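Inspection log for the structure reproduced underneath, given as structure tokens.
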Amino acid sequence: MINIQKTHPLLKIVNNAFIDLPAPSNISSWWNFGSLLGICLILQILTGLFLAMHYTADTTTAFSSVTHICRDVNYGWIIRYMHANGASMFFICLFMHVGRGLYYGSYAYTETWNIGVILLFATMATAFMGYVLPWGQMSFWGATVITNLLSAIPYIGTNLVEWIWGGFSVDKATLTRFFAFHFIFPFIIAALAMVHLLFLHETGSNNPTGISSDADKIPFHPYYTIKDILGVLLLILALMILVLFSPDLLGDPDNYTPANPLNTPPHIKPEWYFLFAYAILRSIPNKLGGVLALVLSILILVLMPLLHTSKQRSMMFRPISQCLFWILVADLLTLTWIGGQPVEHPYIIIGQLASIMYFLLILVLMPMASTIENNLLKW
């Protein structure tokens, strides 16, 4: 009897991607985050769709429409908080996923890696535009500050900012277009994720050792489907604990005040997942320099395959590189903390040192450590 899952044009694709896919036998829980990101995306699209049914993208009614969702719509409060905190879970999974790629040398698959970087940018853009939609104080001023950064671009900067705003300030036109883009982007992200997967399946997955696993493969189903389901259950558990017990933990109290262009909040800061980049931006006194550092702090990931000087792919057997990797993680946590602090002593100097350390680690110290480890292998 012919197996339909192996012959049907559509089922064949699903079968080759999620069922009969040959996977390394030794991939750890760090490989769970790809599937978790997929679940996060589906969850965000579904909750977002139901929110869009009740939301109005107009400056006069946006804030009250969100209030209406939370107070009057059946289970509107849980949909809204699942969407808001789902974004936080999304970024936690993203950072873990990227960190895994850096640690185990997954960036050697350059096409997969570069599409991943594009996905990261697209997700950050989507989250930023989504944060503007409730039209609270932090929404308005966050949008004003971040879009204004583009005015640092020589010659075309000012025109570009006014073009994005659709006027001379963040207003009705800005909110409407941000809603339109925020709605369409997740579907673009989903399409890019499929391309990401397509390129990954050209080479097969990496594994913790960084050594070819062609000699020892196991089918994705049932082994990794079960493993992924466990990850999904833990993700949903964490999300629901956040949503049901402390839904506003990661939000900003200022966003419960309707947007007022005449009143600037004392501390304008983005959501927690952008704070590390915001700290790097603020650590440079020059506007254009800050914007460049901000973009490069993420774009530097594209250089990872070029900066890899080690004879080994993974950091599993490279203690010096491991040490530097965890220093980098600590540095990013420091930057995240600094990004949420006011611009005053000693936070300014800590932020500047942490920013220098960030670029120094990636561009200089880690490639040097790899070279040292290569020489140690000769002993």
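Backbone N, Cα and C define each Cβ position, glycine as well.
The transmembrane segment feature in Swiss-Prot is assigned to 33-53 (among others). Beyond the transmembrane segment (33-53), the same-chain residues lying 6 or more positions past its ends with a Cβ under 8 Å from any Cβ of the stretch are 69, 79-80, 82-83, 86-87, 89-90, 93-94, 96-97, 100, 130, 182-183, 186-187, 189-190, 193, 228, 231-232, 235.
Feature annotation from Swiss-Prot assigns transmembrane segment to 77-98 (among others); the stated evidence is similarity to another entry.
Close to His83 (heme b b562 binding site) in the fold, though at least 6 residues off in sequence, lie Gln44, Thr47, Gly48, Leu51, each with a CB less than 8 Å from its CB. According to Swiss-Prot, the heme b b562 binding site annotation covers His83, His182.
DSSP assigns His97 (heme b b566 binding site) to a helix in the three-state reduction. Every protein chain shown contributes to the tally, and the Cβ of His97 (heme b b566 binding site) ends up with 20 other Cβ atoms within 10 Å. What Swiss-Prot records for His97, His196 is heme b b566 binding site, and it gives similarity to another entry as the kind of evidence.
Sequence-remote contacts of a segment are chain residues at least 6 beyond its ends whose Cβ falls under 8 Å from one of its Cβ atoms, and for the transmembrane segment (113-133) they are 48, 55, 57, 62, 66, 87, 90-91, 94, 97-98, 101, 106-107, 139-140, 142-143, 146, 174-175, 178-179, 181-182, 185-186, 188-189, 192-193, 195-196, 199, 270-271, 273-274, 298-299, 301-302, 304-305. According to Swiss-Prot, the feature transmembrane segment maps to 113-133 (among others).
Residues or ranges marked as transmembrane segment in Swiss-Prot: 178-198 (among others).
Summarising the annotation, Swiss-Prot assigns ubiquinone binding site to His201 and lists similarity to another entry as the type of evidence. In sequence order, Asn16, Ala17, Leu21 make up the list of same-chain residues 6 or more apart from His201 (ubiquinone binding site) whose Cβ falls under 8 Å from its Cβ.
Per Swiss-Prot, the feature transmembrane segment maps to 226-246 (among others).
For the transmembrane segment (288-308), same-chain residues at least 6 beyond its ends with a Cβ under 8 Å from one of its own Cβ atoms are 98, 102, 105, 107-108, 110, 113-114, 117, 120-121, 124, 149-150, 152-154, 276-278, 280-282, 355, 358-359, 362-363, 366-367, 370. Taken from Swiss-Prot, the feature transmembrane segment applies to 288-308 (among others), supported by similarity to another entry.
What Swiss-Prot records for 320-340 (among others) is transmembrane segment.
What Swiss-Prot lists as transmembrane segment is 347-367 (among others), and the listing cites similarity to another entry.
A distance of 21 Å separates the Cα atom of His196 (heme b b566 binding site) from that of His182 (heme b b562 binding site). Counting same-chain residues at least six beyond the ends of the transmembrane segment (77-98), those with a Cβ under 8 angstroms from any Cβ of the stretch are 30, 33-34, 36-37, 40-41, 43-44, 47-48, 50-51, 66, 69-71, 116, 120, 123, 127, 130, 235, 238-239, 242-244, 247, 250-251, 271-273, 301. Around His182 (heme b b562 binding site), the C-beta neighbours below 8 angstroms that are at least 6 residues distant in the chain are Gly48, Thr126, Met129, Gly130, Leu133.
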